[in-house]
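What TrEMBL annotates here:
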type     : residues : note
ACT_SITE : H49      : active site
ACT_SITE : N122     : active site
BINDING  : Y332     : heme binding site
DOMAIN   : 2-388    : domain 'Catalase core'
REGION   : 1-21     : region 'Disordered'
Amino acid sequence: MTTNQGNPVDNDQASITTEKPTMTLLSDVHTVEKLAHFDRERIPERVVHAKGSGAFGYFEVTHDVTKYTCADFLSAVGKKTDMLVRFSTVGGERGSADSARDPRGFALKFYTNQGNYDMVGNNTPTFFIRDGIKFPDFIHTQKRNPITNLKDANMFWDFLSLTPESIHQVTILFSDRGTPYGYRNMHGYSSHTYMWYNAKGEYHWIKWHFRTDQGIKNLTDAEATELAGTDPDYATRDLHESIEKGDFPSWTAYVQIMTPEQAENFRFDPFDITKVWSQKEYPLIPVGKFTLNRNPDDYFAEIEQAAFSPGNFVPGISSSPDKMLQIRLFSYPDTHRHRLGTNFHQIPVNMAKSEVNTNQRDGAMNMGMPGGASPAPNYYPNSFNGAAPDAAFTPPPIDVQGLAARHEYVTGDVDFVQAGDLYGRVLSDYDKTNLISNIVGHIKNAQQRIQYRQTALFYKSHPEYGTRVAEGLGLDVEKVKALAAMTQEERVKATAQ
Ligand code: HEM
């Protein structure tokens, strides 16, 4: 055993004290260091997605997509790229149960020859809101009430019922897909639309889909509740143990692709993350497959300190005019600087495996690695052969028109169509029954006026959906129907406190 400075330690069981009485001496530098470091072991947990689990693996290209993207890691069939993956729940704290009803985070880091590419998605193809300005409010309603420090059904349903665009994601969340069996048995999605551009500078809009090769498996609400008590870390255990015994989970990667012209003329805003693109119109195009085959050696170093950002792009992939995505591009590196420090990119798990050549210097915890100790000049332009940008990596420009203003989405009833289709056309009778009882079991703890407002949104999506929730809650179905026929503004007034 040594101290943190590598000096041999003679004894780790008895601190140095006077003999009678036993007063501890400050000269015991080993004991002082041991306690001082322990006092500083915790760093802030992630503000969302705090509970998670991760593993390493590789991505392999199985299909030629070079006509769509010039990304080097996608440039040839058979090409392999090292990866880190982190799965998570969203609303709970670092010690919360893995089986909570919640979306699951699906964060992928590709260590490519052109730097890190991160695909930071969820196990749902949609989201609750579509403008990032609402994200802090939404998350507050999923976390604890600031007064009682309890999860609060009033906050939860008040916000959602005042945010009707959430109805599609709410329906997914309260189906049994909201309680996946474990991380291995769920699909992953970019949810957002991204740009792919090829070597000629032609671009398309794409959405990623990662389909689990283990098959979808979900828990019922009762099973999830029981597991939260008997084995709260079961998803973490399931992932770790399956990799440990050589049963490596994998996911097949696809993209949906839309041309700029199709996007221009699409029947709703294709960048609206509350909606999916029909797979009949925009079929899944296979790209590759990733496999997880190595558990981390140290959870804190490699998973807790992992920093994913939807803004980590490689040439060939870029962002899109999705308002949620645009705000995420700011939020992730910002929180990393707070959670991990200015030089979070120098933590080994976050370091690019390709050359890093930046003029950013110094800062707390600089490891003298990328840039820090480089002899090259730390400014540009320079005439000493320093790092220089290369215009060959410019993504295609996109046409932007009109006024810069607070543009609200004006969508109306189209927001209810996909939730209604999910209920009416996709879910089986068994799924529907579970959906209704999962909703009723949760919203029954909210005030009745909020139950009415939210149930009217279920009714607007599909009359049978709303009627069954209303019956489950003992609400007056005629009143729900009348509320459903109102505008959102009228409904909010009619259900005010
Ligand atoms: C984590 C912000 C929407 C997926 C986080 C973190 C923040 C954040 C601050 C913590 C990151 C860290 O501490 O390392 C936001 C904001 C959003 C948003 C402001 C909306 C504007 C989304 C959406 C998705 C998503 C739509 C999925 C499509 C994730 C995932 C993580 C995460 C997977 C965990 C990453 C990890 O494993 O380290 N988000 N988020 N977020 N977010 Fe978001």
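Cβ from N, Cα, C; glycine included.
Unlike curated entries, TrEMBL annotations are predicted automatically.
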So what pLDDT does the domain 'Catalase core' (2-388) average out to? 96
Pairwise CA distance, N122 (active site) versus Y332 (heme binding site), rounded so that it is a whole Å: 15
CB contacts under 8 angstroms to H49 (active site), restricted to the same chain and 6+ apart in sequence, sorted by sequence, are S88, T89, V90, G105, A107
Return the count of C-beta atoms lying within 10 angstroms of the C-beta of Y332 (heme binding site), excluding that atom itself. 17
Give me the DSSP three-state residue breakdown of the region 'Disordered' (1-21), ordered helix, strand, coil. 0 helix, 3 strand, 18 coil
What number of additional C-beta atoms lies within 10 angstroms of the C-beta atom of N122 (active site)? 25
DSSP three-state call for Y332 (heme binding site): helix, strand or coil? helix
